[in-house]
Structure formats: C-alpha cells, structure tokens
Amino acid sequence: MKISILSLFPELYETWINHSIISNAIKNNQVTIEIINFRLYTNDKHKKVDDYQYGGGAGMVLMIEPIVSAIRAIRTPNSYVILTTPKGQVFNQELANEFVSKYDHIIIIAGHYEGFDERINYYVDVQYSIGDFVLTGGELPSMVISDAVIRLLDGVISSSSLESESFNNYLLDYPVYTRPVVFEGHQVPDVLLSGHHKNIADFRKQQQEMITKKNRPDLYQKYLNSKK
C-alpha cells in the first residue's frame with residue numbers, strides 16, 4: 001500500500017515515520033509513505049496558500065488551487081482521497097479494515113488554519129474526522145488514520161494480536177496483567193493463574209462484554225444485534 005499525505009508541515013511526521021512499527025513496515029516494503037508539502041504547488045510568487053474569507057469571519061482559509069494541483073500530481077485511477085476535517089464522518093476500525101481490503105493508494109489531506117475552501121469537496125472522495133473535538137491542524141488525524149490502516153496490513157502485526165484487539169466483533173479488549181501477581185494489595189484474577197484455558201477464555205469474554213456495556217453502550221448494542 002502507498003499512503004500520500006499532503007501537509008504544510010512535513011517535519012511533524014518524521015518521528016512517527018522513523019520509529020517502531022511504522023518504520024519496520026516501511027523497511028519491509030509493506031507500505032510506502034510520502035509526505036508532500038502542498039505549498040510547493042502554489043502559483044503565488046510568495047508561496048501563499050491561505051487567504052481571507054469571502055463574507056468576512058475569523059481565521060484564514062486554505063486556498064483550493066495548490067491543494068488541487070498537488071492531488072492531480074499524485075492521483076491515479078486507484079487512489080482514494082481523504083480530507084481530514086471536524087465536519088467529516090467519524091473514522092473507525094471498520095473503515096480501517098475496509099481501506100486495507102479495497103485501496104492500494106490513499107491520499108490524505110491535512111488542513112490547517114480555519115479550514116479549506118469548500119470547493120475542495122469536488123476533488124476528494126470523502127471527509128473524515130477522528131472525533132468530536134477540534135485540533136490545531138490535520139497532521140495528527142492524518143497520522144491516526146494512516147496508523148490504523150498500516151497496522152492491519154499483512155505481516156505488520158501478528159494476526160493473533162489483531163484478533164484479540166478492541167472493536168473486533170464490536171467488543172472492547174479484555175484487561176491484561178503481568179508480574180508481580182500482587183501489587184500494593186491489588187491481585188491478578190485467580191482464573192488467569194489457573195492454567196485452565198476454557199475458564200480463561202470465558203473470563204476474558206465476560207470482561208469484554210462488561211467493559212463494552214459500561215464504556216461504549218453504542219458498541220454493545222451493535223454486538224447484541226450481531227448475535228441475533
């Protein structure tokens with residue numbers, strides 16, 4: 001898979017790309033990541049990429065011309081273009097799985113300032129948000145979306161780890177423990193020390209259901225519906 005991110009601040013991605021699982025995925029040719037500064041695509045002699053809003057209002061708006069020029073320079077017939085914006089639908093694990101199965105090239109546009117000229121929507125496929133809050137820019141959302149997709153690529157993370165994670169089958173992950181057995185009076189549940197695999201599996205499933213019902217009743221309802 002190839003992921004292209006359009007951003008005014010490419011340097012913000014350096015640590016993310018050069019460490020841990022993402023770095024290994026790049027080295028193993030499981031993913032190609034390119035960070036493109038769309039300021040390079042402006043025709044303005046001063047490299048200006050934002051301007052005042054028509055109709056007045058606070059904040060500067062990203063101009064459409066350099067972003068569309070950048071998209072056209074890298075887009076192929078198989079590309080899927082994503083705009084990161086608080087106005088988009090919320091990105092989730094189900095969508096991450098869909099990306100892996102359907103797309104070979106994802107282009108993610110990371111905005112800044114007051115947002116995009118609304119006409120950008122004629123040139124993208126979808127808008128995504130990562131939650132009901134506002135950030136200073138689209139760099140973090142673009143990394144979040146990319147990270148969620150990359151870790152699902154074949155061989156990046158062991159399949160057994162992926163199967164037990166939160167959101168699989170609409171359930172959050174079960175609690176995990178390691179040594180010591182007792183810490184300041186808090187003990188690891190006895191069942192996890194028993195060596196009885198079925199009892200352990202049943203305990204973990206019960207914990208998943210309990211945690212999901214408490215913290216994410218919306219997901220728990222989806223889980224119940226999926227069992228009908």
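Using the three backbone atoms N, Cα and C, a Cβ is placed for every residue, glycine included.
All annotation found in TrEMBL is predicted automatically rather than curated by experts.
Here is what TrEMBL says about this protein:
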- 1-222: domain 'tRNA methyltransferase TRMD/TRM10-type' (DOMAIN)
- GLY111, ILE130, GLY131, ASP132, PHE133, VAL134, LEU135: S-adenosyl-L-methionine binding site (BINDING)
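In the three-state DSSP scheme, ILE130 (S-adenosyl-L-methionine binding site) falls into the coil class. Non-local neighbourhood of VAL134 (S-adenosyl-L-methionine binding site): PRO86, each in the same chain, at least six residues away, with C-beta under 8 Å from its C-beta.
Summarising model confidence by region, the domain 'tRNA methyltransferase TRMD/TRM10-type' (1-222) averages a pLDDT of 95. Shown are the binding-site residues GLY111, GLY131; the one with the most C-beta atoms within 10 angstroms of its own C-beta is GLY111. Counting only same-chain residues at least 6 apart in sequence, those with a Cβ under 8 Å from the Cβ of ASP132 (S-adenosyl-L-methionine binding site) are PRO86, VAL90. With the fewest other Cβ atoms inside 10 Å of its Cβ, the least crowded of the binding-site residues ILE130, LEU135 in this structure is LEU135.
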